[in-house]
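Noted in TrEMBL for the protein shown:
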BINDING   R10, H11, G12, E13, T14, Q15, Y16, N17, R61, K100  substrate binding site
ACT_SITE  H11  active site, tele-phosphohistidine intermediate
ACT_SITE  E89  active site, proton donor/acceptor
Amino acid sequence: MLTFSLTVVRHGETQYNKEKLLQGQGVDTSLSEPGLQQAEAAGLYLRELRFSNVFVSNLQRARQTAEIIMRNNVHSSGVEMVFDPLLRERGFGIAEGRPKEDLKNMANAAGQSCRDYTPPGGETLEQVRLRCKKFLKSLYQRMVDDHSCSGQSSAAVGTEAGAGAAESGTDGPLAGLPDDGMDGVPLHALVVSHGAYIRVAVRHFVEDLQCSLPQGLKMSKVLSACPNTGISRFVLTVSPSESGLALSAVRCVFTNRKDHLTSRNICYITH
C-alpha cells in the first residue's frame, strides 16, 4: 500500500486567456506577463513543500509554469520533471484560436449545452476522462516504482496517513496553509495541467472514484472552473490488486485555491 498527496496546478495566464480565446492543444502559447507573475506567486506559496515527483503537460504554458514553481522550491531541485502529453488540455478542434463565444454559438446551433458540445475535430469529455484515467494509472505505477523500496510504502505509513486524512477531513474548514492535508504523508506529487482537463479530472475523482470531500465544501465549488494557477490537492492510497495497482482511497483536501493570487502577493513579486 502506498499513500501520497497530489497537488494539481493550472498554468498561468496567457494572452489567449486574457482575450477569452480557446487554446486547446493546437495553440501552444507562452505565459503573459501577468501569467509569469501568477506562476511566481504559486512557486512562492509552494516553495517549502518537498515534491517527490513532478508531472507536467508538454504544452509551453504548463512547462513554463512548472519550471517557475520548481525554481522557487527550496527542497526539490533534483526532482525530474516528466512532460506527459496525457496532461494536455482538451482538444477543441476547429474552435481553437477562436473566441469562447463562438463555441457557445456552435453549441446553441447544435442544440447542446456548451459544456457537453464537442466541436468538429475536438475531444469529447469522455475522451478527456479516459485520457485522465490513463494518466492516473501511469502515475500510480510511477509512484510505486519510484518509492516502494524506500520504506515509505509500508502498511504502517499508509495507515498513519489514512488516519490523518480522515481526521482533517472532518475538522471543518482548513486553515489555508500550503501543506494542508500532508500530515503523515511522506510522498508528494505535483501535476501542472490545464483548466478544462483539471475540471474533468476533479469530476472523475468526485463522481467516479467517490472521493471524500472536506466538511462544508459545496459541490458547486468543487466542480467550478479552476483559475489560472489555481491549486487543488488530493490524498490517494493505491494497493495491489489482481489486475495491477488500484486506488483504494482518495480524499479531496481543497480545490481551486487561489490564496497566492492576492494583490499583496502579486505586488511583492513585481516590486
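Positions of Cβ are set from backbone N, Cα and C atoms, glycine also.
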Return only the integer: C-alpha distance in Å from Y16 (substrate binding site) to E89 (active site, proton donor/acceptor).
14
Which residues in the same chain, at least 6 apart in sequence, have a Cβ under 8 Å from the Cβ of the residue listed as 'active site, proton donor/acceptor'?
Q23, G24, Q25, S57, L59, S193, H194, G195, A196, Y197
C-beta crowding around H11 (active site, tele-phosphohistidine intermediate), within 10 angstroms
31
CB contacts under 8 angstroms to R10 (substrate binding site), restricted to the same chain and 6+ apart in sequence, sorted by sequence, are V192, S193, H194, G195, I198, C226, P227, N228, T229, G230
Relative to the Cβ position of G12 (substrate binding site), how many further Cβ atoms are located within 10 Å?
28
